[in-house]
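*Asks:* First the structure, which I've put down as structure tokens, then a few questions once you've had a look.
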Amino acid sequence: MERYILSLDQGTTSSRAILFNKNGEIVHIAQREFKQYFPKPGWVEHNANEIWGSILAVIATVLSEASVQPEQVAAIGITNQRETTVVWDKHTGLPIYNAIVWQSRQTADICEQLKQQGYDELFRKKTGLLIDPYFSGTKVKWILDNVEGAREKAEKGDLLFGTIDTWLIWKLSGGRAHVTDYSNASRTLLFNIHTLQWDDEILNILGIPKSMLPKVRPSSEVYAKTIPHHFFGVEVPIAGAAGDQQAALFGQACFEEGMAKNTYGTGCFMLMNTGEKAVQSKHGLLTTIAWGIDGKVEYALEGSIFVAGSAVQWLRDGLRMIKKASDSETYAEKVDSTDGVYVVPAFVGLGTPYWDSDVRGAVFGLTRGTTKEHFIRATLESLAYQTKDVLAAMEADSGIALKTLRVDGGAVKNNFLMQFQSDMLGVPVERPVINETTALGAAYLAGLAVGYWKDRKEIASQWQLERQFEPQMAKEKQEQLYAGWKKAVKAAMAFK
């Protein structure tokens, strides 16, 4: 009987279940979208029970469509949208409020107060993160402050908090396991990434009872088994968990210090493995835990770019310049340059290394001769410039010069963008055969825990290159183009 690993990839807009075989190949995928809630401008919420329902649906679909029996699943790995926050009643199992999504800005006031009280440096030193509505800590505080009776219940020990991985493990195990892994814990703003413990001082500042928090475990370990009535009468080990970006780093087999990957999704997330040392950034990067495995914790530097693939959606839906995303490549290839045009896609501010939430999008260098092709090309180039900004910060912080960049995500299908990215960075860009690196990373973590794969060496040997893009641009031209980008960003930031 052939065995498989089931990876549950719980994302921001949809849930997916992917079956992988021994060679790390995709056997089948099932996907289901779920509803987004926007109660007020800047707020984004999900219904945690709807997420759970979507997970049950994709599990059933993937097994039946692939004709795989539940007994053939050797283990389950979970990867998830990070930071999104669920608080539920441990007796009824019901959430007391919607899940507050990572993108939601509803805790901006709480963050502002904390900054004014001078806590910035304390939080950064302990957690590796910035005080920002993005992370879970202030979201938990908001729920306790704004849901009637929540604080009393929390003090009595009746409420549980979890990121999405924790919620799904709790549900799948029938409430037997309240756990998270090191990578997800490191995104909460509550976890000390040096002592590897929940931080009492921060919990006190935010007024969050410790009894709400899950146990923090390695990213590759059997946390619990599924209860039979949630998995067709079978008990399957839930054996791996990691936040989506860390899972992608693992799926890309970036196991050596200095290896990095960039995921081009709605935004871009670039992570560099820094080994067993937590490198504190001086250039606006986040210090995060990559994973805990084999009795060790390894760290990463992370850069976040808020707008990447969504800039191409904007060309399609907002400006109606293209009919489908892939047209952007065709148009960009029709011209030799942008003819001096720069697009700064700061629709929701700028992330690493600028961290300016007030700056807005801008276009520079337009002339009467500017065409649609120039504009589309400039929009694609902005993704590569932003990635270069992040890499420059990483190299400065880590002292490691990048040798190659591994890439994944929707936009990596765009050959023009990948070539321009390689030209801008001056290093080869490697696109793998399997683009589902996030789900693959979670599968690998689970498979290692149950002996389905032997070790990381075996996994690294499965990584396959689909295409390598080599830098072809003269250094002088590259520097000139990048200087223009820096000038454009500076001008955009001055216009407020």
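Backbone N, Cα and C define each Cβ position, glycine as well.
Features from Swiss-Prot:
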type	residues	note
BINDING	Thr12, Arg16, Thr266, Gly309, Gly410, Asn414	ADP binding site
BINDING	Thr12, Thr13, Ser14, Thr266, Gly309, Gln313, Gly410	ATP binding site
BINDING	Thr12, Arg82, Glu83, Tyr134, Asp244	sn-glycerol 3-phosphate binding site
BINDING	Arg82, Glu83, Tyr134, Asp244, Gln245	glycerol binding site
MOD_RES	His230	phosphohistidine
*Asks:* Around the residue listed as 'phosphohistidine', how many other C-beta atoms are within 10 angstroms of its C-beta?
*Replies:* 18
*Asks:* Could you state, as a whole number of Å, the largest distance between Cα atoms of any two of Thr12, Thr13, Ser14, Thr266, Gly309, Gln313, Gly410, the listed ATP binders?
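*Replies:* Max Cα-Cα spread across the ATP binders: 17 Å.
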*Asks:* Can you tell me the CA-to-CA distance separating Arg82 (sn-glycerol 3-phosphate binding site) and Gln245 (glycerol binding site), as a whole number of Å?
*Replies:* 8
*Asks:* If you measure C-alpha to C-alpha, which of Thr13, Ser14, Glu83, Tyr134, His230, Gln313 (recorded positions) come within 10 angstroms of Thr266 (ADP binding site)?
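*Replies:* Cα within 10 Å of Thr266 (ADP binding site): Gln313.
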*Asks:* Looking only at Arg82, Glu83, Tyr134, Asp244, Gln245, which the record lists for glycerol, tell me the maximum pairwise CA distance in angstrom.
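*Replies:* Of all Cα pairs among the recorded glycerol binders, the widest measures 15 Å.
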*Asks:* Under DSSP, is Ser14 (ATP binding site) part of a helix or a strand, or is it coil?
*Replies:* strand
*Asks:* Rank aside, I only need the closest one: which of the recorded positions Thr13, His230, Gly309, Gln313, Gly410 has its C-alpha nearest to that of Tyr134 (sn-glycerol 3-phosphate binding site)?
*Replies:* Thr13
*Asks:* Please identify which of Gly309, Gly410 has the densest Cβ environment, defined as other Cβ atoms within 10 Å, among these binding-site residues.
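*Replies:* Of the binding-site residues Gly309, Gly410, the highest Cβ count within 10 Å belongs to Gly309.
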*Asks:* Which one is closest to Thr12 (ADP binding site) in space, judged by CA to CA distance, out of the recorded positions His230, Gln245, Gln313?
*Replies:* Gln245
*Asks:* Three states by DSSP: which one describes Asn414 (ADP binding site)?
*Replies:* coil
